[in-house]
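These features come from TrEMBL:
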- B:Thr31, B:Arg114: pyruvate binding site (BINDING)
- B:Glu64, B:Glu833, B:Cys856, B:Gly978, B:Asp979, B:Gly980, B:Trp981, B:Thr1007, B:Glu1008, B:Val1009, B:Tyr1010, B:Ser1011, B:Asn1012: thiamine diphosphate binding site (BINDING)
- B:Cys707, B:Cys754, B:Cys757, B:Cys760: [4Fe-4S] cluster 2 binding site (BINDING)
- B:Cys828, B:Cys831, B:Cys856, B:Cys1087: [4Fe-4S] cluster 3 binding site (BINDING)
- B:688-717: domain '4Fe-4S ferredoxin-type' (DOMAIN)
- B:745-775: domain '4Fe-4S ferredoxin-type' (DOMAIN)
- B:Thr31: site 'Important for catalytic activity' (SITE)
- B:Glu64: site 'Important for catalytic activity' (SITE)
- B:Arg114: site 'Important for catalytic activity' (SITE)
- B:Asn1012: site 'Important for catalytic activity' (SITE)
Amino acid sequence: MDLTTHYLGMQLKNPLVPSASPLSRSIDDARRMEDAGASALIMHSLFEEAVTAEEENMVRFLHHQDTGFGEAGSFLPDHYDFSNSQDIYLENLQQLKSALEIPVIASLNGVTPGGWVEHAKEMQRAGADALELNVYYVAADIETNGQAVEKRYLDLLGELDQHIDIPINMKLSPAFSSLANMVKQLEAAGARGVSLFNRFYQPDINIDNLRLVSSLHTSTSAETLLAMRWIAILHGRTSLSLGATGGVHTAEDVIKLLLAGADVVHFCSLLLEQGASAIGGMLQGLEAWMDEKGFESIEDVRGRLSQISVADPSEFERANYVHILDSFRSSPGILS
Amino acid sequence: MSDKMVTIDGNEAAAHIAHLTNEVIAIYPITPASPMGEWSDEWSTCGIKNIWGTVPDVVEMQSEGGAAGAIHGALQAGSLSTSFTASQGLLLMIPNMYKIAGELTPTVLHVSARSLAAQALSIFGDHADVMACRGIGYAMLCSASVQEVADFALISQAATLEGRIPFIHFFDGFRTSHEVNKIARPNDDTVRAMIDDELVTAHRQRAMSPDHPVIRGTSQNPDVYFQGRESVNPFYERLPVIVQGWMERFAELTGRHYRLFEYVGAEEPERLILLMGSGIGAAEETVEHLAARGEAVGLVKVRLFRPFDPEIMLQAIPQTVRKIAVLDRTKEPGSDGEPLYKDVLNAFAQAFSLGERETLPRIIGGRYGLSSKEFTPAMVKGIFDELSQDSPKHPFTVGIFDDVSHSSLAWDPTFRPDAAEGVTGCVFYGLGADGTVSANKNSIKIIGEQTDNFAQGYFQYDSKKSGAVTVSHLRFGPAPIRSTYLIGDNEANFVACHQPIFLDRYDMLDKATQSGVFLLNSPKPPAQVWQTLPRRMQQQIIDKDLTFYVIDAYRIADETGMGRRINTIMQTCFFAIAGIIDQEKAIELIKQAVKKTYGRKGKRLLERNFQAIDAALAGLHQVEIPSAADSTFERKPPVPDFAPKFVQQVTAPIIAGRGDEIPVSLMPADGTWPLGTAAFEKRNIALQLPKWEDDICTHCGKCPLVCPHGAIRSKVFTEGELAAAPDSFLSANVKGGGFEKGLKISYQVAPDDCTGCGLCVDICPIRDKQNPKRKALNMTGDQAYHEQERANWDFFLDLPEYDRSKLKKTTLKGAMIMQPLFEFSGACVGCGETPYVKLATQLFGDRMLVANATGCSSIYGGNLPTTPYTTNPEGRGPAWSNSLFEDNAEFGLGMRIAIDKQADHARELLQTLRNEIGCELADALLEADQHDEAVVFEQRDRVKTLKEKLQKIDTTEARCLESIAETLVKKSVRLIGGDGWAYDIGYGGLDHVLSTGRNVNILLLDTEVYSNTGGQTSKATPLGAVAKFSAGGKATNKKDLALMAMAYENVYVAQVAYGAKDIQTLRTFLEAESYDGPSLIIAYSPCIAHGVDLSNNHRQQDLAVASGHWPLFRYDPRKTKKGENPLKMDSKAPSIPYRDFASTETRFSVLQRIDPAASERFLRTAQQQVKSRFTLYQQLASLAVANAEEKPGK
């Protein structure tokens, strides 16, 4: 059975690619993922805001701890020489490259062009096989129109594309007016792939103390449906590699996404919850299903139920919407 | 290889040698010795090896007693072992030290000598602690300078190995431990050559081993114990020679020669001073000065104090000496002389009585320098002048004005020794937080290490933690600097004022010398800055012909992205003006230093610093000095005119920095001080103040609860009371139920006491529906508002307190109407502890006794000049005392027992006097159930009536009852302290007190670290947190003290975090108080030591609770009796990843940089632990109660 797939110009042994998660910080965990069957690894993200905030924190809480109080000249031990988070990231990347045989994809997360080009060049130099760009951006400014938001992505990508040679993958949020068109524009600007979709921390409200809190709930399989729809729509309409991410927990999720047209499937929460061995389970499930259904290669599976392949393409568009709305209609016995 | 010149302080000098020459280092934090342990821990964490090529094992213990025990064990098992301590810590080590000495065990204990807590605690330097060790049998070698600390640390280590007598190597706390000086540090070859491996082997061979077993530590009886004690005499007899031998060897290796007693001065002196410690620096300068002018004066420096060798000492004293003043930096009340004086006197007397001398000089003894009191050349000259008298005073004191015992000598403060010539003195006034001290330490390093100049720095710190003022004293010159005293009036070539607000507070230019330089950081342009100076200061600039520079450092910092960090900018200006180094070279060196700090850690930071340095030069302007002073204002008095006499006479000079001038007669002899003094110290440090929007406020009471400084208050009053209100005074009709109709409420800020932390605005939940950016409280920097609120605050204070009995105390709105009896402390801006203390005083302050463990809470509670504890209009308030660090639980229990005993006795006497008093009153007094506050107040009235009646009864019993009648009113005994106390040093006592079942209320302010001494690890420190003594992240879990306390089953236990769930905190306080038994409230207290900006205080509490790091719960033993589960969870299961909490605090996140793998491992383990701990608690909370009575009908 041939499980190979093509992703960002690389041939991968199967479509299972763990997405950016803390697990890639540990070489042991990364090895376990490779052993369990991961075909490539996306590293945890280097966060632009984290780098900046960390620098400020270091100044405030390590280098300038003066209090003026006689008993406490400082509060935290000041290690004179330690690396900044970018150095640590690059070191981690180099270690992963030498420890693993599968491709390693570095991940950058930020919102401004600022130091990105520098970070990206360093990542390429450290041996990254590809770069994933996660534009962590909530377009909350009421004065900014959709075009301006799209331009931000395109400018960032264009800037990076001029300076690095390794393939760039864009991890997108679903919040675009015309996602398909956006993907097309990214393709023109030099992207080699897109991953659908990233998840943001959501503000929540604590009703005990009436304060806002940040929360991130681990994903569930239900969330895969959003990516599935868009991958199905895009499959066959773009030359970009399509990665599906968000909510993948079971072999069934993987199969659905492949059928919709994904080149690779990413997963994170599952690994955090169950560890690297979960990959093996998914792989077995995928193989068993292909065997049962008589598929011999991923190539046969991919896109079989994409929009361009299904009998009624509009099912990926309005039909679901209407159907669901219908099911929430009040019972006829209720006065309304 | 010659020794490397380094610019370091005394603690680092000692720790360097100790770390090189030991294998096991047991440590425990105590000021001013903590940095020695911190250095050792950091070096071992970084893998720095000792001279045998192995990294010393550094272990933190639970107390100094524990450290001494661990050292004793390590030595017995054959390791070379050391520790560092001071003051009470040294006293706690004494029992083990007797053992170590008795067993002839080589070790060196490095001591930053510090005052002992007597009438008050003091962290500063004197010899009281080491003098308490005279009887132990440790050798005592004293270093007088940073150079000697490095050298004697090594000499004592060499000598102890040969002589087998353990050493206390001590030096003056702060003056030497914290003085930065350029010294020649013994290089590793020297250290190697001074440590004889055969002696090390001999030590190992004496160790306990099952392969050649012995027993040690036997119990001896009257027949032999005495002989055993005498058996060690030969070891002590030969030790002075051994020490001198190693001093000679050291001289061969380094060229620095020392003697046990060393004379300097005139060839044929008649008057002599003999002393040990840092005072030698001032004394030597004076002796050289006077001898050069032909005065027959001399000085004997004492190095080896124990074993005291009278023969060697007498040999060191020239025969011509006729009068000797022996100086002791300690006080032994009731003795007829201090220790060194008596030793010297005894040596002479003995020599005379044995016929070895024919004459006796006149020998007087004096005390000086207690608690780092200044000891200057002028004072030394004063002593020599006294010795010139026919009958010099004995005993005497110098450095104070003693108008009680009339012991003090006079001195001429204008005296300057020759040593001051050629030395550049610089004084810098900065804020603790503005980085002045760091920048100055950096400047000293630059000058000391990059030029041929010698350099010295000493730093005066504040007793406050918010808005703390630092004064840096820097000296530079071509010769080694031995001036062990501050730069005095008219002595500073350069005076820098880094904060314009100081113009109004300190007479800084008193320090400036003629034709000196004054540098001011001010937002005013050069043409206008002159008008901002008080008139006296203007006159000083003119009279002293000072050159005056100004720079707007905050503007430059802001423009170059440095925020409010002005230290590099001011440092650049200093180098540009002072001319110690060529300007270009200086800039290059500052940039190099910046690069060293930020090189690998942040490119952007590096660039910003460089920009700031360059911009500083462009922004520095010389101010043209007018010919006459024209300001119309002077510095404001430190306290208002209406302050009580005591505050005017004693508190005010301390606030103004003139505490040295207070005579003995004005000092309370027994350490008793009045309450309410913080209110007189208007510090005015807030840049912004909260402004109340009366139209949208819902009166929820959250802002007064969270204010760490009691600087925002609420009061309820009638409209009629507003008659005399200033026009701008705001009030509103009280919203919500619980109050009579028509009442008004006001939320008022104390403008000169607020620190501007903004936490009140942060917690405010109310937003204007039309303008969501407008809350019911908003910060404003409007100066006119600040002025206006002064009058409003005064009016607010004059409004009567609302009748407490009408308040619903279980609601925040109600509880926060109560007057806080804890206000305006000097705690850190945004402190997470003080809101709990304040809450306790609001609820129970009028009947509360506080036993406060040493730590942050005792410092902001009781550090002079003022105390935040205050009284209510009836004059009642918390009675507060701090005993020690380790004994607080027992101290508080003692109070409880005393009150209970007196109350018992009062009840017995009530029975006896029942008929005389009247049965009705007696019975009411005896039967009052004071669980309700209203009943407490009624009981107070009854006691008042009782006392009136007792006055008419003329019996012994009546007098006795009169003296203890107040104990019939319920008293709340509150034990306050931090985690260092409760989890570590005082845990044994705490545990015992819990076990007694007595009614004490323990408020444990858990900052998860020793906050007051600078962030050392405690057993409350969480897994993976970086703290001092856990430089690589704490490898073990936080102790679950709550669970341990619950195991007693009769202790009320709760965990609270007011920023996460305020109402739970309030109700817990009320429940704990109502429980008639021990209660333990463990209160989560965000602290600056967590490496988090405390403007995020509430967010951090939220995160701690939401992540499961700090579950909220209450365990009420009363519920068990009702058949209910006593444990109730007040927070939900962890709802955010632990990582999300940890990543917001530098204590955790820094490990990601230092050791990412360890950080990851800790985070994962911690995640598992918070989950499993919550599950455990949840399960405990849902267990059926075993002895539950069956409900009827079942």
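Glycine too: its Cβ is placed from the backbone N, Cα and C atoms.
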DSSP state at B:Glu1008 (thiamine diphosphate binding site), helix/strand/coil: coil
B:Cys1087 ([4Fe-4S] cluster 3 binding site): tally of other CB atoms within 10 A of its CB: 27
Distance, B:Cys757 ([4Fe-4S] cluster 2 binding site) to B:Asn1012 (thiamine diphosphate binding site) (CA atoms, angstrom): 20
Candidate with the highest Cβ count within 10 Å, taken from the binding-site residues B:Cys707, B:Cys754, B:Cys757, B:Cys856: B:Cys856
Candidate with sparsest Cβ neighbourhood (10 Å radius) among B:Glu64, B:Asp979, B:Glu1008, the listed binding-site residues: B:Asp979
List of the binding-site residues B:Arg114, B:Cys707, B:Asn1012 facing chain A, defined by a Cβ pair under 8 Å: B:Asn1012
Largest tally of Cβ atoms lying within 10 Å of a Cβ, found at which of the binding-site residues B:Trp981, B:Tyr1010: B:Tyr1010
Residues of the domain '4Fe-4S ferredoxin-type' (B:745-775) by DSSP state, where helix covers H, G and I: 5 helix, 7 strand, 19 coil
C-beta crowding around B:Cys760 ([4Fe-4S] cluster 2 binding site), within 10 angstroms: 26
Distance from B:Cys828 ([4Fe-4S] cluster 3 binding site) back to B:Cys757 ([4Fe-4S] cluster 2 binding site), taken between C-alpha atoms, in Å: 10
Max CA-CA distance, Å, over listed thiamine diphosphate-binding residues B:Glu64, B:Glu833, B:Cys856, B:Gly978, B:Asp979, B:Gly980, B:Trp981, B:Thr1007, B:Glu1008, B:Val1009, B:Tyr1010, B:Ser1011, B:Asn1012: 26
Which of B:Thr31, B:Asn1012, all binding-site residues, has a Cβ with the fewest other Cβ atoms inside 10 Å: B:Thr31
Those binding-site residues, out of B:Asp979, B:Trp981, B:Glu1008, that come within 10 angstroms of B:Cys1087 ([4Fe-4S] cluster 3 binding site) at the Cα: B:Glu1008
Proximal residue to B:Glu64 (thiamine diphosphate binding site) among binding-site residues B:Arg114, B:Cys754, B:Cys828 (C-alpha distance): B:Arg114
DSSP three-state assignment (helix, strand or coil) for B:Cys828 ([4Fe-4S] cluster 3 binding site): coil
Check: same-chain CB within 8 A of [4Fe-4S] cluster 3 site center, minus B:Cys828, B:Cys831, B:Cys856, B:Cys1087: B:Lys465, B:Ala827, B:Gly830, B:Gly832, B:Glu833, B:Thr834, B:Tyr860, B:Thr1007, B:Ser1011, B:Ser1085, B:Ile1088, B:Ala1089, B:Leu1094
Distance, B:Cys707 ([4Fe-4S] cluster 2 binding site) to B:Cys831 ([4Fe-4S] cluster 3 binding site) (CA atoms, angstrom): 9
Inter-residue Cα distance where the pair is B:Thr31 (pyruvate binding site) and B:Trp981 (thiamine diphosphate binding site), in Å: 15
CB contacts for B:Cys828 ([4Fe-4S] cluster 3 binding site) [other CB atoms within 10 A, all chains]: 29
Pairwise Cα distance for B:Cys856 (thiamine diphosphate binding site)/B:Thr31 (pyruvate binding site) [Å, integer]: 13
